[in-house]
């Protein structure tokens, strides 16, 4: 017998004699899976083991990546969760919270996956993802003009259901992307092209059902007004899991009117600089039924401007308003398209009228995935023509970045900044979204696009809000600050930018409802004990 064979035999005999108590401990994912399976109460009609995906599950990566909306995080390098719980029952949420706390795992809550910097499905330490896509019911009461919508429902599903149930005479003020999940979109504010008429989504939310850090199911009455205040604009993921929202539906006319006018540079009779300057004068002051978004981009060293609008009424009334307030744009009858409000959802996606059925907004998986970076700003004073020319020059040198100017005013200026946790109200003319998209992998391309975004962002600093330089929570931007140790000092860096003076109230509420800071992530609200 050779020496190697003898050694192998000895090792084998030794291993066979080891007591079972010395066997390898179960993996963390096994312990978590067992913990949630043993949790009581449970729903025998929806056993949680049918909704748990660990890294050994054959479709783990499919479930994880189905709601990754930024290809920057769609790779083998990002840390993967210990498990994904695709909750289909409230007991699944309670079990996930209880077991994550017990095992010291961080929790990431994902409804639509549109967190621009991936904070709903990424972490630097062991974590689990609570995926809400199975919880998507929408119960509409047409008599009361209200609806209960679960967090996993998309805006497209909500819009489609509301329009069908109301004979196209009701809508809801929220985002223009139908794939957004209600959970995160609403809790960060929820803005869209009816905000000048009706405010944000949170201004039309009248109740919520949540699961708190103790696993309790609460509504507005039992959670208290302070927590309900925080959920509306403060980012619910810092406080609880939102199971469902009760929304107030709003009237929409039988027909709305949309248009999109594009200009290129300053050539001939077209002067983009003058048009943008005039847009600044009127966009936040014009009729509340009219929303005109201005998007600026550049190609071939020429700035392009897009004036995309929606009027809650017919084209004749729209033209009267435009001829009186913005004749320089030159909007004419044939450029105005009348359609149902539900059809306008597709128009804002860039889909030509009549080329796709409204059911297409029910598609949950986008046809095209992209790499992206987003940032935000608020403008409170008009940018001078000299300033605009300077900005245009920088844009021609950084052509991978666009800016969308979204006008405020109207209802947005009437609601006090302390009415909800969302503080950006009166005094803001418009909000800017910086957007860089790219379509090929590689570090060099990503670095170039990120650098271009940062250069434009820095160049805009003289023209935007200051002390703090305000930011919009739903345009998640890790560059403005993050908390690695969950301290107040770290949290206030980004907290005052997102929430201004409302940040201090959010910290107090957080400290009361989640003193152990279970619900935390890189930009969560800190607790006072960390002060």
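These residue numbers are counts, starting from 1, taken along the chain as shown.
Cβ from N, Cα, C; glycine included.
Positions annotated as signal peptide by Swiss-Prot, on the basis of sequence analysis: 1-23.
The disulfide bond feature in Swiss-Prot is assigned to 35-99. Reduced to three states, the DSSP call for residue 35 (disulfide bond) is helix. In sequence order, 95, 98, 99, 102, 103 are the residues near residue 35 (disulfide bond), counting only same-chain partners six or more apart with C-beta under 8 A.
Within its own chain, residue 76 (N-linked glycosylation site) has no residue 6 or more apart in sequence whose C-beta sits under 8 angstroms from its own. As annotated by Swiss-Prot, N-linked glycosylation site applies to 76 (among others), with the evidence given as sequence analysis.
If you look up Swiss-Prot, you'll see 77-252 marked as domain 'FAD-binding PCMH-type'.
Under the DSSP three-state reduction, residue 164 (N-linked glycosylation site) is assigned to helix. Sequence-distant neighbours of residue 164 (N-linked glycosylation site) (same chain, six or more apart, CB under 8 Å from its CB) are absent. Feature annotation from Swiss-Prot assigns N-linked glycosylation site to 164 (among others); the stated evidence is sequence analysis.
Per Swiss-Prot, the feature N-linked glycosylation site maps to 271 (among others); the stated evidence is sequence analysis. Around the Cβ of residue 271 (N-linked glycosylation site), a 10 Å sphere holds 16 further Cβ atoms from the protein chains shown. Secondary structure at residue 271 (N-linked glycosylation site), taken from DSSP and collapsed to helix, strand or coil, is strand.
Under the heading N-linked glycosylation site, Swiss-Prot lists 300 (among others). Counting only same-chain residues at least 6 apart in sequence, none has a Cβ under 8 Å from the Cβ of residue 300 (N-linked glycosylation site).
Under the three-state DSSP scheme, residue 314 (N-linked glycosylation site) falls in the coil class. Within the same chain, residues at least six positions away from residue 314 (N-linked glycosylation site) with a Cβ under 8 Å of its Cβ are 253, 255, 257, 338. The N-linked glycosylation site annotation in Swiss-Prot covers 314 (among others).
In three-state terms derived from DSSP, residue 400 (N-linked glycosylation site) belongs to neither a helical nor a strand segment and is classed as coil. According to Swiss-Prot, the feature N-linked glycosylation site maps to 400 (among others).
Annotation source Swiss-Prot lists N-linked glycosylation site at 485 (among others). In the three-state DSSP scheme, residue 485 (N-linked glycosylation site) falls into the coil class. Over all protein chains present, the Cβ of residue 485 (N-linked glycosylation site) has 9 other Cβ atoms lying within 10 Å.
Calculated from their C-alpha atoms, the gap between residue 400 (N-linked glycosylation site) and residue 271 (N-linked glycosylation site) amounts to 23 Å. Secondary structure from DSSP puts residue 76 (N-linked glycosylation site) in coil. Residue 271 (N-linked glycosylation site) and residue 485 (N-linked glycosylation site) have their C-alpha atoms 51 Å apart, to the nearest angstrom.
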